[in-house]
Structures are given as C-alpha cells and as structure tokens.
Amino acid sequence: MWSPKLLNRLPVGKCRLSLIDKQMAVSAAKAINIPNNATVIEINSGLGFLTHALLNNTNVKRIIALENDKDCVENLGQLAEESSGRLEVIQAENNIVSRFASNKLEVICTWLQKEKLADMQIYPWEEVHPSLVSIFHLPDKMSGDYLLNQIMQDFYNRSGFQAYGRVRTNLFMPAYLYEKNMAMLGEIKRCKQGVIMESLANIDILRVIPERAYTPKSINVLLSLTPQAQPKLKAQFDVFEYVLRHVLSKKSAPLCDTISTLGAGAESLIKNLSFDSQILVKDISVEQFIELAQIFEQWPFRPVNLHAAFNENHKRRRRN
C-alpha cells in the first residue's frame, strides 16, 4: 500500500508547499465534485496526498499528474504502480517546462494537448466540459501570481485547457494569495489579479484548509473557477492589465488623480466616463474598470507598446 515515505525523510522546511493530511485531501477531493468518467490534470502534485484521494474517487477515469521535483515524482511513481493504469506521473523537465510558476503554462498545455489529450472531445463554449477537470497547487507568493495570471489569460483567450471548452479549474491557493486576490470592493488589499479573476470567472470557495494540513505550515483555500460563458471583460487583456496596474497603484486616491498615469493627456478620458471620476480607486467596480479600459483602448494617443510604457512609468515613479 502506498504511503508518503518521502515526508519522513525530509528535514523540516526542505519540502516546498505541499498537502500532507489524508483526511483533508479526501475532503478536498469530494469538494471538487469530479464528474463521472473524468480526466483530471493535476499540476504541482507535490507529495501525492490529493492524488491518492482522487484515485479513490470512482468518478475519476484517469489522472495526469505533473511534478517537477524528482523526489516527489519518485514518490508519486509508487502510487502510479498501484493505480491499475489510472495515474500517469510526468516529471516536467526542460523538455516540457522548467518551472510551473513562470510564464510557461502555455508550454505545458501545448505539450499535453499533443501527447496526452489528443482524443479529448471539444465542447461548445456555452457548456461546461463534462469530463475534463484541472487542478493547480499554486506556489506561494510571487510565483503563484505568475501562474494565476497565465490561467486567467487562458480563460480570456479560450486557450490551454480552455481550448476544449469551459474547463473547471480548481486552485489550492495559499492564504497570502487569497487575501490579495479575493479582496472585496472597497478593501485596500484589492489587486489587479483579483479584478481580472472577477471579470472572467465564476468563483466558488470550496474549502479552507488549516495550516496543520501543509508542510511548511500554511493556510490554503480551495477555489473552483469556471470561465464565464459571457465574460464581462470586453477590452483586450493586455489593455485591461495596463489600466489596472496603473490605476491601482494609488488605491486610496480618487480616479481623477491617478488616471494621468495611463499616459500624457489621459485626463481627457474622464469626460467619456459614465461614472464620477471622484470615486476612490479601491471603490471602482469591475464593470467600471472595464468601461475605463474600453475607453482607453479607443484613445488614439495611448502608448503603442504597453509593456514598454509600463516599465518606463514604473521607473519614473521609483525615481520620484
């Protein structure tokens, strides 16, 4: 019988963030509500506690687990030997992707589509895919933000796993990321990524997982994200990001004082807004941010290269 022997060999703190509680893993697997005859893609599987729980779920047809830590891969391999072919473990070396947390999700998805999901049926966008589910164990801090951003880009572009239809995406999100990305309207912690998530996804909170269930100790929240059938976001993704990055840099200031950061003369955009520009940035709704982004997108004087413009503005603010 499989047991996570690797856990007993690791010095405290050596293992990256990983679920280590069998009972909580079983509870999380039930909360995800796997559909019948499902293929599950699990990214950053870690020590395999959730993988083990998923294998005990009779609805799961097969699991493709991607992991880049060779010791964890070895541990998962023992579980795969007992799975009667239902679990395939893939070590994500340089031939696939070197780090899940960097901007390489497209590489992972492209490789999986070609090598492992070639026979997966594509469903109309109006439907939630009935037999494909993805699960991401997000790394902590900045690297988790990078991966979350890639997931949201796939929601917007209908790419990656979303190329098969609206695929439910389940996230194990560390408390640090949760507090930022799930901050409510009016809260000072509200951030760019949280606004993007709200503009593209239907979000359900499935479980709060206590810190004792992880090594190193860390509170995590299990979320289920489903792409909106009719997403609120109409502007281009890079334009929306640019607007959010600039405007949210001063959350307690009124919009009329921060809109100039979008570019020289951007104050002229105020007259086209349907809402009061005196509103504090932290109180701007998703719909209002989208309206501002659409107006900015049509502005003939907006920067052509948004990435370069953002970097230059960021350097200028730091000098000041």
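Using N, Cα and C of the backbone, Cβ positions are placed for all residues, glycine too.
What TrEMBL annotates here:
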BINDING   Leu19, Glu67  S-adenosyl-L-methionine binding site
DOMAIN    24-229  domain 'Ribosomal RNA adenine methylase transferase N-terminal'
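The average pLDDT computed over the domain 'Ribosomal RNA adenine methylase transferase N-terminal' (24-229) stands at 91. Annotation for Leu19 (S-adenosyl-L-methionine binding site): spatial neighbours Ala25, Ala28, Gly46, Leu47, Phe49, Leu50, His137, Phe172, Ile209, Ala213, Tyr214, Asn220, criterion Cβ-Cβ under 8 Å with sequence separation of six or more. When Cβ atoms from all protein chains are considered, those within 10 Å of Glu67 (S-adenosyl-L-methionine binding site) total 26, not counting its own.
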